Amino acid sequence: KMASAGGAGSAAALWSEVNRCGQNGDFARALKSVNKILQISKDDVTALQCKVVCLIQNGNFKEALSVINTHTKVLTSDVIAFEKAYCEYRLNRIENALKTIQSASQQTDKLKELYGQVLYRLERYDDCLAAYRDLIRNSQDEYEEERKTNLSAVVAAQSTWEKVMPEDLGLREATYELCYNTACALIGQGKLNEAMKKLQKAEELCRQSLSEDSDVTEEDIEAELAIIHGQMAYIMQLQGRTEDALQLYNQIIKLKPTDVGLLAVIANNIITINKDQNVFDSKKKVKLTNAEGVEHKLSKKQLQAIEFNKALLAMYTNQADQCRKLSASLQSQSPEHLLPVLIQAAQLCREKQHAKAVVLLQDFADQHPANAAEIKLTMAQLKIAQGSITKACMILRSIEELQHKPGMVSALVTMYSHEEDIDSAIEVFTQAIQWYQQFQARTNYSCCVFQPKSPVHLSLIREAANFKLKHGRKKEAISDLEELWKQNPKDVHTLAQLISAYSLVDPEKAKVLSKHLPSSDTMSLKVDVDALENSHGATYVRKKAGKLTGDSQQKEQGQGDVKKKKKKKKGKLPKNYDPKVTPDPERWLPMRERSYYRGRKKGKKKDQVGKGTQGSTTAGSSELDASKTASSPPTSPRPGSAAAVSATSNVIPPRHQKPAGAPATKKKQQQKKKKGAKGGW
């Protein structure tokens, strides 16, 4: 009895200590007192609950959960449901937390608050929105502003990730968190300018609210503004202002914020700006996306985008194995997604394995028919790159949902024309026209966007007719033109085309049809002939007549047919022309036909080649000089000749002459001489 009485007294004192420490927020000391109580009574429910709470307050979530799991008989789900679910939530065991909340017999307000957080992390935004609306409707306490902020965050997530048009919640944007969430919702809608204004307002409100606290430094304010500035930079990037965005991103990284999710998103966005350039910087930034805990901070789509960019970066840095590994992992996570298989195909193309890339794309298209159109377009592009135009056309024609589109018809006709396959091009036109005819036949015209003989249908017939005329298929073109004329008998342009086509095949039919053309009297063609002749596109432009004087007017009237005489240009004289010397009268004749031509003396020159030192002349060189013979008349000197010249002659002596065929040497020598003379002076 004495011992039990003493134990009860010590337990009471310990409970008093626990209560006092709890009120002071000293949970470490409170935990010591609780442990002493549990030594006295190990299955005390209240003590176990207090221990779990103290561990949670100290951040020891694993230990707290271990205590709950080891005392399940005492700590039932009704007693400790919230604490257990909260520990699981903080340990990122989100699915377990959801099960714990749903298994609780009584849904308290605390559990409902946690339930909303869990649904948000699971990206079940519709259920989360309903949960927060219920909380706001049925709660009246000091946490109403936080609940409204969470509600706006859910709406922003729906707009961003699910492309849902956000509803107006009627929330007063009194805090910077609400302004920021509204800006995120606007970005999801593509309203970038409005979103930027909301972010600027959020920045202003944030500075105002934090500056009121004297303990908050400027560094703390900048750290809190980092996420707002990051979103501003993202808007700049979307608007094409990549330099401004890059500068702001790097400023945020220099601040070294503690939010690993923010750093990962900024690093990923910088990598997308760099693309295949500045790869070294991208390699450094990609390390930020691998930080611990990033996967718990970002949404699934954000994490997926980061992984896609890692695979692309591996491809750009020629890490083929790493690229294949990452893209294969992505494909296993999202088998229906297009990007992983496109990245693999791009990597194969970089390795010059186009055939394997096409097979890979074809397999994916067969397995996922819903995405076959985009895959087949890529396959066609690869075939065109290989020069297989016909195979590319076959792939494009296999896309049923696109084969009748005007853009596709135009592309196919162009490609077939390039291959000179006119029959296939005409077949493309025919199939497209038939598709529109069948579509209109089975559709109720009163509720259909296409009216009978829609403009698309008629324009295809007209294009087909023009194409057939261009390639000599006159009879086929005539049937198309007749169809067009039946639809609109008042169309003069179509009628004129039809008559032109018949004139080449059946002139009599062309005469009959020409009677349907309107007469010149009924056609009111208000054409200004002068303006037409003076137009920019006219082949003949009439000169504007200026004001004429009396004399010139008479000359124009009397001598209108007289042509102006062209002035003869003065002929150019040779540089060494001497007016005192009579020119050779036979200078226009070839040398062989001149009277003084003696022919070449063969053998002498050949015999002397190679005799003597290099550059030396023989004794008989003067005999070969035709200028010294009495019978040879004076002729124009030839450059490079060894003829003797008089002292009074203006011709440069041979030793100063440049060699024939080397005009650049003289210029270089003159430049050097001029430069040297200038320096000497």
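Glycine is no exception: its Cβ is also placed from the backbone N, Cα and C atoms.
Positions annotated as coiled coil by TrEMBL: 94-149.
Taken from TrEMBL, the feature compositional bias 'Basic residues' applies to 563-573 (among others).
Annotation comment: TrEMBL describes 575-596 as compositional bias 'Basic and acidic residues'.
What TrEMBL records for 627-644 is compositional bias 'Low complexity'.
Here TrEMBL flags 665-681 (among others) as compositional bias 'Basic residues'.
The annotation domain 'Signal recognition particle SRP72 subunit RNA-binding' is assigned in TrEMBL to 543-599.
The region 'Disordered' annotation in TrEMBL covers 542-681.
Across the repeat 'TPR' (226-259), the model assigns an average pLDDT of 94. The feature repeat 'TPR' is assigned by TrEMBL to 226-259.
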Legend entry - Contacting positions for the repeat 'TPR' (226-259) when only residues 6+ beyond its ends and CB under 8 Å are counted: 176, 180, 183-184, 187, 192, 195-196, 199-200, 202-203, 206, 219, 265-267, 269-270, 272-273, 288, 297
Inset, instruction - Count the residues of the compositional bias 'Basic and acidic residues' (575-596) that DSSP assigns to helix (H, G, I), to strand (E, B) and to coil, and report the three numbers in that order. - result: 3 helix, 0 strand, 19 coil
